[in-house]
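Undergrad: Please read through the structure below; I'll follow up with questions.
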Amino acid sequence: MTPDKRADYWRANLRYLTVLLIVWFIVSYGFGILLVEPLNAIHLGGYPLGFWFAQQGSIYVFVALIFVYAALMNRLDKEFDVGEE
Amino acid sequence: MTPLELWTYSIVGLTFAIYIGIAIWARAGSTSEFYVAGGGVHPVANGMATAADWMSAASFISMAGMLAFGGYGGSVFLMGWTGGYVLLALLLAPYLRKFGKFTVPEFIGDRYYANSARVVAVICLILASVTYVIGQMTGIGVAFGRFLGISYEMGILAGMGIVAVYAILGGMKGITYTQIAQYVVLIFAYTIPAIFISLNLTGNPIPQLGLGSTYIGDDSGVSLLAKLDQVVSDLGFKEYTTQVMGSTLNMFVYTLSLMIGTAGLPHVIIRFFTVPKVADARYSAGWALVFIAILYTTAPAVGAMARLNLMDTIQIGPVGEETGNLVYDERPDWFKRWETTGLLKFEDKNGDGRIQYYDDKNAEFAAKAESFGWKGNEMVTVNNDIMVLANPEIAQLPNWVIALVVAGGLAAALSTAAGLLLAISSAISHDLLKGVFMPQITEKNELMAGRLSMIGAIILAGYLGMNPPGFAAGTVAIAFGLAASSIFPALMLGIFAKRMNKQGAIAGMVAGITVTLLYVFQHKGILFIPGTDFLLPDMGMGANWFFGITPEAFGAIGAVANFLVAALVAALTAPPPEHIQHLVEDVRIPRGAGAATGH
């Protein structure tokens, strides 16, 4: 594998990481902590929305983020032909 | 023997028989099987084992109680202990799996081309893991003592015995398969009572939905959370859904510390060395979090509902009317049973024979309480830990459910203890013995050394469980603080910063631990020795002097110090040698990952 292709593969990985970690930050630190008060004005069933993000929603999003990353990387491994046999 | 004891002995006995059966079936014959279960564990199976490895006595027994009394503030534990898996899956697990060795210090030693770095990592690992294992041992002792009618010490001995059988015989292989069985036990034990209680209070059998449903205990038609907010604030307590822990900044930093601490705990990281491929390591972290999330999204419902049940048991009528409070002599049986443990304590301060449970530190409400003839909160002790253990009794569930909860608590403590003990013993036999002192040791002798260090680690853990040092309460702070401020940054920089050299990494680790420990020691005493705490109020260092951040939350600040010092030192010293830069490029690419080896 050429150094250029290696660098491209790593840059694509870093792009995925950046986007997914921004989402990770927003649902927990953003919605669950910093913006919890304004969000609590909105209700999701019996849940105030900010409280829901802090005790339920952020965890569901975390699970989704890991599977999305695994799927994206599988595709990237194929594209660059660096996956395992 | 009471029917409850009979049920408890039967269910706990059955689960122990299963664990021993697995131990005999999954004996380890090589170092690869002993350290990484031979590297052939299916990603979903590893996810389940990781979930049991991770969810400790604290998750199973204490967390719902911390939520019950901390309300919204308890969210730091929920987000902190799950969000760390995102960091683990995205930033560490796949690369460390590609590196393909047995232990975490081994990566640090190789990547930073220095045995000194490896030894620093071993010290951090042992400190973090030993403090953590004490909590598991005390959890085992309490569960046995309360429910099986045997002494605390005998309980710990029984726990040590059972872990010894499968950890010494099977190493990681035995531990992996028992952890899978333990996960199944603990998740049933946790969710079954939650389903019953959710059904009782809201008519919805799914606790995650029940917590957001309408309360059916009266005909007010309000949601369960609104009802709970009402009930607690009527007695002067802070409103459940908005009660913060310290300040918003403290919650932010606390959550961050728990997240990076979680990602840096070696006993969790080594579980990802057991899967066959890099792609498996990525998916396996996702499965681990699925299995963890089943418990972690149930816990808020358990906490809130247990709190509501507790309040309703004591405050049976309108606040302020004499008949509104439960007569002490009419207290339920579970109340009496928990009083004998000292975890629940009543003191009739105004001598009216009734129980008043309210927040007497809330000045406004305390004044009102005085006009009712109340003379202070009479529930002088309500321990966090009883919420999960007493929950089935409070909700009047059948005896077999209570027995199942006991087996679940034991499964959670045993599975985590085993994972920690393996991390400790492999650091001794593989990193110190083979890596530093006796590189020529044969595989057979190393396997023997692994088993011997496992025996030593179990005896040490048992001893510390029976004689818990004064800092047992600060355990969480120190284990997560150390992992967050030393191991996580060293691993992450090792993968993402090709230019990071050994001087930078070692200086960073030392700086991170120092900053964290100094702050913790300032509040809790040097080496946790009582009376040696040294806050300096004259210099502006009162309690939580650093922007109101509590010592438990300080790991993230230590991590920042680590990153800054490492970057600065690395910039001023020579870059790492060529072959190390190649090694970093190599771990970034999945192809070529063989099974983990010790060479």
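Indices start at 1 and increase along the chain as displayed.
Each residue, glycine too, has its Cβ placed from N, Cα and C.
When I checked TrEMBL for this same protein, it listed these features:
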| type | residues | note |
| --- | --- | --- |
| TRANSMEM | B:6-26 | transmembrane segment |
| TRANSMEM | B:78-96 | transmembrane segment |
| TRANSMEM | B:117-135 | transmembrane segment |
| TRANSMEM | B:147-169 | transmembrane segment |
| TRANSMEM | B:181-201 | transmembrane segment |
| TRANSMEM | B:251-273 | transmembrane segment |
| TRANSMEM | B:285-306 | transmembrane segment |
| TRANSMEM | B:400-428 | transmembrane segment |
| TRANSMEM | B:449-466 | transmembrane segment |
| TRANSMEM | B:472-497 | transmembrane segment |
| TRANSMEM | B:504-522 | transmembrane segment |
| TRANSMEM | B:542-572 | transmembrane segment |
Undergrad: So which residues does the transmembrane segment (B:285-306) touch in its own chain, when a touch means Cβ under 8 Å and the partner is 6 or more beyond its ends?
TA: 43-44, 46-48, 50-51, 54-55, 59-60, 63-68, 74, 78, 81-82, 85-86, 88-89, 93, 183, 186-187, 190-191, 193-194, 197-198, 201, 207-208, 210-211, 224-225, 228, 240, 271-272, 387-388, 390-391, 394
Undergrad: Going through B:6-26, B:181-201, B:400-428, B:449-466 one by one, which has the most CB pairs that fall under 8 Å from the transmembrane segment (B:117-135)?
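TA: Between the candidates B:6-26, B:181-201, B:400-428, B:449-466, the best contact partner of the transmembrane segment (B:117-135) is B:400-428.
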Undergrad: Tell me, please, if the transmembrane segment (B:251-273) and the transmembrane segment (B:6-26) are in contact, taking contact as 3+ Cβ pairs under 8 Å between residues separated by 6 or more positions?
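TA: They are not in contact.
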Undergrad: Any contact between the transmembrane segment (B:147-169) and the transmembrane segment (B:400-428)? By contact I mean 3+ C-beta pairs closer than 8 Å, pairs at least 6 apart along the chain.
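TA: Result for the transmembrane segment (B:147-169) with the transmembrane segment (B:400-428) is yes.
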Undergrad: Let me spell it out: take the transmembrane segment (B:400-428), skip the flanking residues so only those 6+ beyond its ends count, and list any with a Cβ under 8 Å from a Cβ in it.
TA: 4, 7-8, 10-12, 15, 19, 34-35, 52-57, 59-61, 102-105, 122, 125-126, 129-130, 132-133, 136-137, 139-140, 143-144, 147-148, 159, 162-163, 166-167, 171-172, 175, 178-179, 181-183, 185-190, 192-193, 196, 266-268, 270-271, 388-389, 391-393, 449-450, 453-454, 456-458, 461
